[in-house]
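What Swiss-Prot says about this protein:
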SIGNAL    1-22  signal peptide
COMPBIAS  25-35  compositional bias 'Pro residues'
COMPBIAS  129-141  compositional bias 'Pro residues'
COMPBIAS  179-194  compositional bias 'Low complexity'
MOD_RES   Gln310  pyrrolidone carboxylic acid
COMPBIAS  378-394  compositional bias 'Acidic residues'
COMPBIAS  415-433  compositional bias 'Basic and acidic residues'
MOD_RES   Ser420  phosphoserine
MOD_RES   Thr424  phosphothreonine
COMPBIAS  434-448  compositional bias 'Acidic residues'
COMPBIAS  487-497  compositional bias 'Pro residues'
COMPBIAS  577-599  compositional bias 'Basic and acidic residues'
Amino acid sequence: MKALRLSASALFCLLLINGLGAAPPGRPEAQPPPLSSEHKEPVAGDAVPGPKDGSAPEVRGARNSEPQDEGELFQGVDPRALAAVLLQALDRPASPPAPSGSQQGPEEEAAEALLTETVRSQTHSLPAPESPEPAAPPRPQTPENGPEASDPSEELEALASLLQELRDFSPSSAKRQQETAAAETETRTHTLTRVNLESPGPERVWRASWGEFQARVPERAPLPPPAPSQFQARMPDSGPLPETHKFGEGVSSPKTHLGEALAPLSKAYQGVAAPFPKARRPESALLGGSEAGERLLQQGLAQVEAGRRQAEATRQAAAQEERLADLASDLLLQYLLQGGARQRGLGGRGLQEAAEERESAREEEEAEQERRGGEERVGEEDEEAAEAEAEAEEAERARQNALLFAEEEDGEAGAEDKRSQEETPGHRRKEAEGTEEGGEEEDDEEMDPQTIDSLIELSTKLHLPADDVVSIIEEVEEKRKRKKNAPPEPVPPPRAAPAPTHVRSPQPPPPAPAPARDELPDWNEVLPPWDREEDEVYPPGPYHPFPNYIRPRTLQPPSALRRRHYHHALPPSRHYPGREAQARRAQEEAEAEERRLQEQEELENYIEHVLLRRP
């Protein structure tokens with residue numbers, strides 16, 4: 001038996017080396033022979049051939065058993081059918097030797113018949129979708145028949161099937177399967193890309209491959225992993241096969257190599273079937289990608305529109321600011337020109353009269369309001385008050401104009417600019433000095449260069465010619481000289497109080513109140529006052545907004561105190577002020593006039609010291 005085992009091991013190594021070296025890289029065209037009982041009977045009936053003679057047909061059958069299309073390896077084969085074929089290859093009986101196996105012939109024939117019937121039942125039950133797992137045939141496990149079961153012919157058959165599996169899962173075959181799967185996946189990808197680009201809708205935006213489009217679209221929930229096949233569940237990688245116990249403990253190489261061959265078989269089956277669910281994307285996934293692409297496109301357009309609106313708002317703000325600056329400069333120039341002309345027209349006396357008129361109008365308005373005591377004003381008084389207020393505003397505007405002009409001159413006086421002297425300001429000033437009467441010795445001198453430079457810079461900033469600036473300064477100087485040469489103005493006497501438009505006759509004293517009548521009972525206190533006369537009508541006055549006004553009962557005093565309402569005359573001190581009040585008012589007016597003249601003089605001195613400085 002040891003010699004048989006050694007010869008079987010050597011034969012296994014020789015067949016393995018020859019099979020791996022002589023395996024053709026191409027695709028064989030022969031189909032695997034059908035496994036049936038008729039195919040096994042001649043092998044069982046023949047005599048035991050030599051090791052080389054018996055291995056030749058098995059090797060050729062193993063070489064011809066490669067499938068035609070390696071790209072579709074086990075694509076249409078049921079895992080249960082594949083497991084049954086492998087079990088049949090493992091359980092194939094061997095023919096007993098002629099001289100020494102005569103005493104065990106009936107037992108082997110009975111086992112072979114039982115195995116043949118089991119395999120046929122499995123083959124017929126393969127098309128059924130839910131067939132129970134075939135039961136393993138009962139095999140005796142006595143230590144006596146263990147060594148005898150390991151026959152060389154049985155080992156040869158197991159080695160031939162193992163060699164076929166090794167050839168199927170060689171590195172070159174696995175590489176060809178990967179290339180075929182990649183080519184098929186790429187074909188399906190390009191097909192999906194072409195259909196996606198040619199279909200109407202927002203998919204036209206992505207002119208790229210499906211991979212780039214899928215990279216742009218946010219990832220969705222991953223697909224569930226494929227469920228493990230029945231073959232993988234039934235045939236684990238690490239667990240030994242229950243049908244391999246018939247080889248005995250001595251022959252361990254078929255079990256080891258078969259376990260190693262089944263592991264890449266299940267992995268290859270999963271690897272071949274895995275790319276197709278990934279490449280065949282359902283219509284819902286395409287629709288989801290298109291919706292996500294549309295959302296991305298809308299977000300991009302919204303961002304571009306927001307940036308455009310922001311740029312437009314910035315441009316409009318800059319244009320508005322520039323327009324306001326131009327308008328402000330124009331208004332300043334117009335204000336200076338109009339204010340100076342109005343000030344020249346009014347003069348010092350005109351300003352004083354305007355202030356006096358304003359004060360008188362204000363006093364008249366206050367007196368009229370006090371006389372009327374809340375009554376409506378007359379339209380003429382409103383017009384006079386409006387005119388007085390307008391004149392007061394004009395006078396105040398002229399004063400502010402002079403102050404503003406002085407501030408501008410003060411701001412520009414300190415700037416030193418190295419510019420060439422212009423002849424126009426000096427010539428104009430000489431002519432003005434020639435036309436003036438007399439004049440002091442200072443008027444004959446020319447203006448210093450610093451003053452001329454400040455005038456030029458001021459005219460440039462105010463958008464005014466230098467001649468206009470010089471003329472304004474000359475007018476201020478002439479006014480100052482007239483004020484010095486003019487006699488002092490007398491203080492105006494205090495004006496008499498205006499005569500009242502109407503005088504109220506003194507009212508007679510109110511009559512004595514009538515004796516109190518019998519009051520109504522307390523429970524009738526909430527009712528109207530029945531003791532009032534029916535024809536009693538109250539005239540409109542401060543206590544009655546309109547005639548026959550009835551005040552609420554809850555806010556009235558007792559009936560004894562609310563008989564009649566009399567309008568008492570106002571105290572005479574409010575309408576006819578005394579001499580003390582008139583003197584006090586005249587003193588206030590004189591002080592106000594003095595303050596105004598002092599401010600005007602300070603303004604003129606300020607302008608003189610800033611713009612008319614002499615060397």
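Cβ from N, Cα, C; glycine included.
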Secondary structure of Gln310 (pyrrolidone carboxylic acid) (DSSP, helix/strand/coil): helix
For Gln310 (pyrrolidone carboxylic acid), the number of other Cβ atoms found within 10 Å of its own Cβ: 10
Helix, strand and coil counts within the compositional bias 'Basic and acidic residues' (577-599) (DSSP): 21 helix, 0 strand, 2 coil
